[in-house]
Amino acid sequence: MAPKRKNVRFDAAANKFDGAFQDTWDGNSGLRIMRVFDLLLSATIPALIILHLIVAPYTKVEESFNIQATHDVLVYGTPISNIYERLSQTYDHFTFPGAVPRTFLGPVLLAGVTQPIIALVGFQHAQFIARAILGLFNAFSLLVFARSLRQAYGAGTARWYLMLQASQFHIIFYASRTLPNMFAFGLTTLATSFLLPNPSNLKSTPSRHRLSITLFVFAAAIFRSEIALLLATNILYLLLLPSISFEQVIFPFFFSFFIALATSIPIDSYFWQRGIIWPELWGFYYNVVGGNSSNWGTSPWYYYFVSAVPRLMVNPFSWMVLIPMSLWFPGTKHAAKRLIIPAVLFVAIYSVQPHKEARFIFYVIPSLTGAAALGANTMFNRRAKSGLYSILVAGLVLSILASLVASTGMLLVSSLNYPGGEALAYVRETVLRSGEGENSSAVVPVHADVLSCMTGVTLFGSSATGDELLFLTPDGGLVHQTGKGVSIYVDKTEEGEELQTEEFWRAFGYVLTEEPQKVWKYGGGEKEWETVGVVKGFGGLEVVKPGQGSEESETAVPVVGNGKTIEAWKRRVRALTGGWWVGPRMVERVYILRKVKDGKRWTEGVDA
């Protein structure tokens with residue numbers, strides 16, 4: 001049965017109700033100014049994402065698989081002969097496979113787009129470029145969503161959406177992070193945008209729905225299986241309107257599903273070399289059917305509603321005032337329901353899963369923020385009709401500014417949580433500065449413990465200049481590219497009896513460790529190692545009063561990385577405030593040890 005169109009027309013009519021969706025600012029006198037404002041507002045999203053990447057350039061363990069896989073695809077390529085031998089000798093996932101296989105499609109696409117840019121700017125920027133590309137893709141999806149809001153509900157709604165979205169920390173911060181969720185996020189955001197009505201072109205509605213279903217299916221089948229539930233809640237809502245027929249759902253669903261499988265299975269089976277593999281099915285069975293996701297912790301059923309969603313939206317004005325108002329105003333309630341109901345239903349059903357993380361529901365934040373923007377725009381348009389609306393608008397503007405300040409603080413604090421990445425960067429700089437890497441084919445062996453690997457150590461950090469890379473010969477052997485660079489070989493041995501032998505530690509020139517005592521115990525004693533620095537990390541907030549907290553000892557281990565910057569700021573602030581300090585408390589996280597005895601023997605004899 002063909003879907004009825006009266007609801008689509010109702011949405012179009014509601015678009016004009018009481019001027020709620022009219023662009024109150026655009027007029028002949030201010031059109032040019034508003035165009036510039038719109039351009040700057042749109043540019044804010046990608047600019048903030050890149051800024052967050054610059055401030056916090058390192059990665060956490062959750063991002064490890066995709067960032068390491070991107071590195072391996074870039075460096076080692078895709079052999080067509082002796083495939084298992086060559087992949088198993090070089091690719092990181094053969095050594096650290098994780099609990100379940102994950103798709104290589106994201107890393108392959110990321111590496112493909114990154115490679116020509118790296119050829120221009122150098123491999124030393126490869127990790128930054130790869131993450132920037134992912135971040136810009138997610139920025140693009142957010143801007144498309146804003147454009148769809150403009151087409152459906154007016155320019156004012158789109159502007160408030162961009163302001164609210166830009167002031168939220170988590171989506172902007174995670175947009176460039178190589179989590180499977182963020183590979184899926186751009187697809188789900190685009191899919192949601194195509195479900196919004198376009199009153200100026202109602203004939204495009206069926207094709208927009210088909211494209212939306214396709215994107216949802218690809219995101220679910222390849223990157224995150226829980227998105228199938230989000231697809232289901234959206235389709236159910238559209239069927240109940242009715243805005244779509246069941247027949248219009250079936251073909252794009254199955255067609256895109258088979259295309260997704262035909263893409264994922266061959267690529268992932270090739271890289272994993274375990275037979276035929278569909279990673280998301282494997283992950284779904286392991287985590288949901290097998291219940292193994294609970295091994296990473298559980299949360300009460302209400303966690304997403306009372307904790308995750310409020311934190312993700314940052315601004316309490318959004319969910320306490322704006323969303324309720326969007327559902328209350330006659331001119332916006334139908335549009336708000338279209339955005340809110342599928343998202344809330346998804347979160348409610350997904351709450352049955354015991355293991356919960358905020359990133360699992362990132363996909364609903366654009367919709368909820370869009371609903372908040374509906375309320376904000378209507379409230380703004382009515383500000384002249386009531387003193388209450390004027391007060392609320394003033395409160396809204398202040399809340400957005402406060403959210404920006406809070407998000408900035410969260411960014412600065414978050415940048416202090418990557419001691420492993422900072423430690424490896426310091427070693428790389430030290431090697432070049434000290435001349436240890438003057439031999440163009442030198443390989444400096446570094447051992448990184450578990451904490452270091454979980455907080456920023458990646459394979460991208462193993463090349464000092466980007467000119468020294470490992471390549472495969474046609475017969476499957478390994479050779480070093482000759483050049484002016486130096487490679488840092490990072491050993492990530494986590495456990496085993498070999499860690500308790502002096503022979504093991506003798507092989508390394510540097511060690512990044514949370515517990516230097518263990519290295520001294522099994523590595524020949526403290527006299528064999530020089531502690532050249534310690535990277536401090538965030539240990540909570542502190543309030544230091546005058547007379548409290550003595551300054552760091554001059555004989556203490558040198559602090560390097562962001563911790564050094566925080567200490568300098570702390571001294572300056574206390575000098576200006578008479579001894580007061582309110583800010584991050586920094587604690588020792590990763591110690592950097594350097595071999596002392598026969599200090600250069602581990603760089604000898606490594607010429608290619």
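Cβ coordinates come from backbone N, Cα and C, glycine included.
Because TrEMBL annotations are produced automatically, they should be read as predictions rather than curated entries.
Here the structure is a predicted model, which means the values were calculated and not measured.
Per TrEMBL, the feature transmembrane segment maps to 36-55, 128-146, 182-199, 211-237, 249-272, 301-323, 335-352, 358-376, 388-413.
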Same-chain residues near the transmembrane segment (249-272), Cβ under 8 Å, at least 6 residues beyond its ends: 69, 78, 83, 87, 91, 93, 101, 103-105, 108, 209-210, 213-214, 217-218, 221-222, 235, 239, 278-280
Contact call for the transmembrane segment (301-323) against the transmembrane segment (358-376), three or more Cβ pairs under 8 Å: yes
Top Cβ-contact partner of the transmembrane segment (36-55) among 128-146, 182-199, 211-237, 335-352, 358-376 (pairs under 8 Å): 128-146
Same-chain residues near the transmembrane segment (128-146), Cβ under 8 Å, at least 6 residues beyond its ends: 42, 45-46, 49-50, 53, 57, 67, 70, 110-111, 113-114, 117-118, 121, 158, 161-162, 165, 171, 175-178, 182-183, 185-187, 189-190, 192-193, 366, 370
Same-chain residues near the transmembrane segment (388-413), Cβ under 8 Å, at least 6 residues beyond its ends: 52, 55-56, 163-164, 166-169, 172-173, 314-317, 321-322, 376, 379-380, 382, 538, 584
